[in-house]
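This report concerns only the one structure given below.
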Amino acid sequence: MQENYKAKAYDILKNLNIEEGDLIEIKKGDLRIRGVLLPSYSKDERIFVIKLDNGYNIGISIDNISEIKLITKNSSKAQESERKEVSRNGAKSEIKIISTGGTIVSKVEYETGAVRPALTTEEIVQFLPEINEIAKVDAEVLFSILSENMKPEYWVKIAESVKKAFDEGNTGVVIAHGTDTMAYTASALAFSLRSLQGPVVLVGSQRSSDRPSSDSAINLLSAVTTAKYAPFGEVVVNMHADSSDTYALVHRGVKVRKMHSSRRDAFQSVNDKPLAKVLWKERKLVMLDKSYMSKKGETTLDAKFDNRAFLLYYYPGLDRDFLEHILTNTKIRGLIIAGTGLGHTSSDYVELFRKATKDGIFIGMTTQCLFGRVNMNVYTTGRQLLDAGVTPLEDMLPEVALVKLMWVLAHEQDLEKIRSLMISNLVGEINPRHTLDLFPRWSYE
């Protein structure tokens, strides 16, 4: 277990029979430092990495250390042995954990302070022995990228890995993913994987796993709980529900959005209720919405995407020539508009849209408001856009509509068939009924 340490640091640990995960005390001058020895990812071979009681990780140079004392051995050795056995044989696992990168599998680079996607899912499991109390897991690192670098071709690889995991006998899948584009991937998987045998749970964290305020551990424990106990066969996002560590929420993958840049409870269901909440301390899943897709017998895979689609966020003063260039001088096959209010753009673009739809380009309308649905029959401009061939997309989120369009374009060439699929509720991306409690209200009392 000292394999992450090299040269002199390795020799010191080996001679004292100290391994990663052991509680140790280091004396350096008048300073005594007690904490758990962590793996070192430092390029400096003379650094020990210690997790303190307050949750912070520190690097300590071996120079001028007068004493290193072993306090207690790692208590999770037996569980670790079981984890290794499970990892060697995926058929023994119940839940597959697929790592794609992101903050939940990131480490701080102590030379620079930067966060890098270097921690594998297996290493997270090593520091979360509680996972074995929930289910037997098997970990796989599919790739290690930051979520802003996600691409449609990666969605295909993730979908294929999920299908393989179910074919191997797993009853649920957890996908560790960066939070910034998690909703895009969740949508892509929802359209690509049908008749799911069990839940597919995307999970991430807003703060890396070596920070004292990290949400990594709770989110991952909650995700495995969801994958183990959920009665549904759907793609979902499992994240913190509040700014403390009370519980997590499970959101339908095509009705969720990251609504804050840094808060741990950044994810919120939009135009829909969360499917469930997870009481992570009790390892308990509480269903909040019974209108879910049940588990099926065999998962089907249909992961194809055509990225000749464009998401346009309309704004006053949008240059007409720029829009015309997109519609006439590129290879675009479809345009999703995030319009104002009930689904509008300036009437200046109506004839551009009319020509584009006549040329076979699909144009769909969503709302920048996010909450609520488009209704283009209310005002004159909306009716003009309808007449020009713009298709209203109900209460679909703009990003979901974009991913859906990419999936539809890969399956259909005919514009009317594309329209038909885009307005069809395939995986719960359209909620036909809105109630008052779907809109969040902020109280200032």
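Every residue, even glycine, has its Cβ placed from backbone N, Cα and C.
For THR103 (among others), the entry in Swiss-Prot reads active site, with the evidence type sequence analysis.
For THR179 (active site), other Cβ atoms within 10 Å of its Cβ number 25. DSSP assigns THR179 (active site) to coil in the three-state reduction, placing it in neither a helix nor a strand. Positions annotated as active site by Swiss-Prot: THR179 (among others).
Residues or ranges marked as active site in Swiss-Prot (evidence: sequence analysis): ASP180 (among others). Under a cutoff of 8 A between CB atoms, and with a sequence separation of 6+ in the same chain, the neighbours of ASP180 (active site) are LEU146, SER147, GLU148, LYS258.
Swiss-Prot lists LYS258 (among others) with the feature active site, giving sequence analysis as the kind of evidence. All protein chains included, LYS258 (active site) registers 19 other Cβ atoms within 10 Å of its own Cβ.
Mean pLDDT across the domain 'Asparaginase/glutaminase' (93-425) comes to 91 in this model. The domain 'Asparaginase/glutaminase' annotation in Swiss-Prot covers 93-425 and is backed by sequence analysis.
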